[in-house]
Amino acid sequence: MEPAEAEFLAEQELVTIVPSFSMDRVHLIGGDLGPFNPGLPVEVPVWLAINLKQRQKCRLVPPEWMDVEKLEEMRDQERKEDTFTPMPSPYYMELTKLLLNYASDNIPKADEIRTLVKDTWDTRMAKLRLSADSFVRQQEAHAKLDNLTLMEINTIGTFLTQALDHMYKLRTNLQPAHSSQSQDF
Amino acid sequence: MSEAYFPVGPGLGPEENFLSLDDILMSQEKLPGRAESSLPRLAFALGQGAAGGSGDSIPEGSKLEIPMWLAKGLHDSKRRIISVELPKIYKEAWRTVFSADANVVDLHKMGPYYYSFGSQLLNFDNPENPEIAQTILQTFISRFRRIMDSSQNAYNEDTSMLVARLDELERALFRAGQKGLNDFQCWEKGQASQITVSSLVQNYGKRKFTDMDG
């Protein structure tokens with residue numbers, strides 16, 4: 001899976017906007033989009049929020065986790081723990097990129113937020129690599145990692161599965177050779 | 001799923017993958033061996049041309065360098081035709097080097113197909129086979145960390161220094177890691193939504209309209 005596909009899946013997440021137009025309830029196949037009244041906050045999927053913002057028809061309200069103190073706390077906790085801490089959203093990386101690219105004027109301290117999220121990402125990737133290395137070194141049969149997000153899995157996925165494939169094949173070499181299948185008539 | 005071409009990887013077990021280019025190139029690597037019985041009229045094929053005074057038969061017991069595909073074909077358990085020896089990097093001395101620290105070895109120089117060739121060697125009955133298999137596995141495991149770190153952290157740099165000491169299997173892994181990294185960085189910069197020319201079509205070159213008529 002590519003990062004663009006993960007971003008597509010992330011766009012389904014809900015975010016709050018304050019529209020500047022009015023419209024009745026819209027019925028779409030995926031669900032309803034509630035009535036829009038100017039000045040009243042309403043929850044919509046990110047894809048619609050970005051679209052409306054680009055047409056200058058709304059103002060985005062940053063999600064409550066996208067706040068400098070909360071992100072600092074999250075980053076420090078991530079650095080302290082050896083395992084992965086739960087992330088405020090399973091798509092935190094994609095949402096950060098989308099919201100900060102298209103709506104940075106609605107989000108206070110956008111640059112600091114970007115840096116904090118990047119720091120957390122780097123810490124998590126380092127932990128992931130450490131875990132992959134110990135997995136390979138001890139030749140475990142399976143591992144369980146909680147609280148990983150799709151983007152992180154994608155970035156390391158191809159490499160890790162190929163390496164584990166090779167390791168598996170080399171490991172079956174250790175078994176005593178199968179009896180040769182010759183046919184003697 | 002955006003790839004247009006999925007190459008067949010090397011079969012790392014006792015059998016090669018017929019369609020794998022890596023395996024085909026690997027089986028051309030040479031093994032030292034000896035002729036167990038006299039081989040008439042094969043002197044020219046096995047490179048003994050000028051030496052044999054009696055013309056073109058290979059005397060019994062003479063040393064040969066045979067490619068792996070030929071060695072596998074001529075080898076049988078009664079060992080009438082040829083016998084093979086292990087190349088030196090799979091022998092005891094080098095095995096201790098690998099177990100001491102596998103990261104310092106230049107696997108590209110030692111035969112760019114260390115892992116596949118080693119797996120094929122296990123086909124020949126040899127009392128040292130379990131140790132060889134174990135050494136190959138342990139070498140892979142110890143070098144894994146370095147490949148992972150270097151491939152996931154080298155963005156937009158010249159990577160020739162990093163891959164110089166890797167064998168072909170490790171280079172393929174390195175490229176996979178680089179691709180993961182590049183895809184992520186490219187997405188983060190926003191280039192993922194730009195339409196680019198497909199790699200398959202890029203080399204076609206532009207043909208002038210008049211060429212198509214002629």
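Glycine is treated like the rest: Cβ placed from N, Cα and C.
Helix first, then strand, then coil: DSSP counts for the domain 'DNA replication complex GINS protein PSF2 N-terminal' (A:3-61) stand at 17 helix, 22 strand, 20 coil. According to TrEMBL, the domain 'DNA replication complex GINS protein PSF2 N-terminal' annotation covers A:3-61.
If you look up TrEMBL, you'll see A:65-169 marked as domain 'GINS subunit'.
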(request) Tell me the residue counts in helix, strand and coil for the domain 'GINS subunit' (A:65-169), as DSSP assigns them. (result) 75 helix, 0 strand, 30 coil
